[in-house]
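K.L.:
First the structure, which I've put down as structure tokens, then a few questions once you've had a look.
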């Protein structure tokens, strides 16, 4: 490998030789600076040999390699900030790593990032990639009775939802602007995995599907499996009660919806360029405050929403609401710099398996759970002047395609005609 910067120490060259993935010239320079920065820190603490041993042997049974934890948990390398364990795991193991949500520390790691100690371990072999759990197939009895018409779907559009604030126990992330590396998705901020799990999983339904009820034991049971679609969600943008622009189809595991005027791409849905002849002054003012908007992650069968805007976002997620024991229509305020788990595939799978035992209508009602509504800047509900989502100036609706298609297959197996599942707006 040719020297990128003059006077590259031999140890840095050796470590760069183990780098994964191909980068352009600018990115190669940044990688070298990241390695030089780490080498400089480890020389002072005598851990350099252990780093080289871990990288060259690719062995988990190496020691923790630690650097001091900064105040906000991030490491700055050449005007770019990121979480240190993510930076070095991406550099030496997974060049396609998007976020710390994709990493889980090994049990043997004594200074894992999520432990919030004064030192943080950056040994890339002390972390493992979170794998998407395989969802068990739903066993569906084949019914002969086809419903004459679909039951009415629970519709939260015209009721006044309750309001709640960001769940206590989740620390807000530091809201420091960052410059993502070219071709990479930027890391999100600092949230303790332990705290996230403790708070988010409270009240979760039992994740093991219930066995079929005795009444179904003698029926012909057909397994209906979950299939991951090419586009994990579809996003529609609304101003008041009018849909604006085309539906965005998300294929990337991390993408943003923002208020800027850049052309949209697979990782960004930019609302700034969308025109609407009926746009009023209130909508125009709100659009100016969307800013960096919201980042959506789909990782390990879970969906997270992170507020990047300087103003709060407001989320109505029936799946999240069930986890907390709230009313299904509750709207949760997410302050700037915080993120919230808004959907969990395993929880949905358990609910679907239980609902099959309760009949067609119970399964059909889960359609509403696959739709998430989110408003920018202005909230709605009982505590706000605007009491319905269609009264908010700027909002989006997410349709989770995998769960919706799974529902469609289950309903078809139960005896319904094939339908296009959608929410009632």
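Including glycine, each Cβ sits where the backbone N, Cα and C put it.
Copying in the features that Swiss-Prot gives for the protein in this structure:
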type: DOMAIN; residues: 10-136; note: domain 'MH1'
type: DOMAIN; residues: 232-425; note: domain 'MH2'
type: MOD_RES; residues: 2; note: N-acetylserine
type: MOD_RES; residues: 8; note: phosphothreonine
type: MOD_RES; residues: 179; note: phosphothreonine
type: MOD_RES; residues: 204; note: phosphoserine
type: MOD_RES; residues: 208; note: phosphoserine
type: MOD_RES; residues: 213; note: phosphoserine
type: MOD_RES; residues: 378; note: N6-acetyllysine
type: MOD_RES; residues: 416; note: phosphoserine
type: MOD_RES; residues: 418; note: phosphoserine
type: MOD_RES; residues: 422; note: phosphoserine
type: MOD_RES; residues: 423; note: phosphoserine
type: MOD_RES; residues: 425; note: phosphoserine
type: REGION; residues: 271-324; note: region 'Sufficient for interaction with XPO4'
K.L.:
Per DSSP, what is the residue count of the domain 'MH1' (10-136) in each of helix, strand and coil?
P.N.:
56 helix, 18 strand, 53 coil
K.L.:
Quick one: Cα separation, residue 378 (N6-acetyllysine) versus residue 8 (phosphothreonine), in Å?
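P.N.:
Counting only the Cα atoms, the answer is 52 Å.
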K.L.:
Which value does the mean pLDDT take for the region 'Sufficient for interaction with XPO4' (271-324) in this predicted structure?
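P.N.:
For the region 'Sufficient for interaction with XPO4' (271-324), the model's average pLDDT rounds to 94.
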K.L.:
For the region 'Sufficient for interaction with XPO4' (271-324), what are the DSSP-based totals of helix, strand and coil residues?
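P.N.:
DSSP classes over the region 'Sufficient for interaction with XPO4' (271-324) add up to 15 helix, 16 strand, 23 coil.
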K.L.:
Which state, by DSSP, holds residue 8 (phosphothreonine): helix, strand or coil?
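P.N.:
In three-state terms, residue 8 (phosphothreonine) counts as coil.
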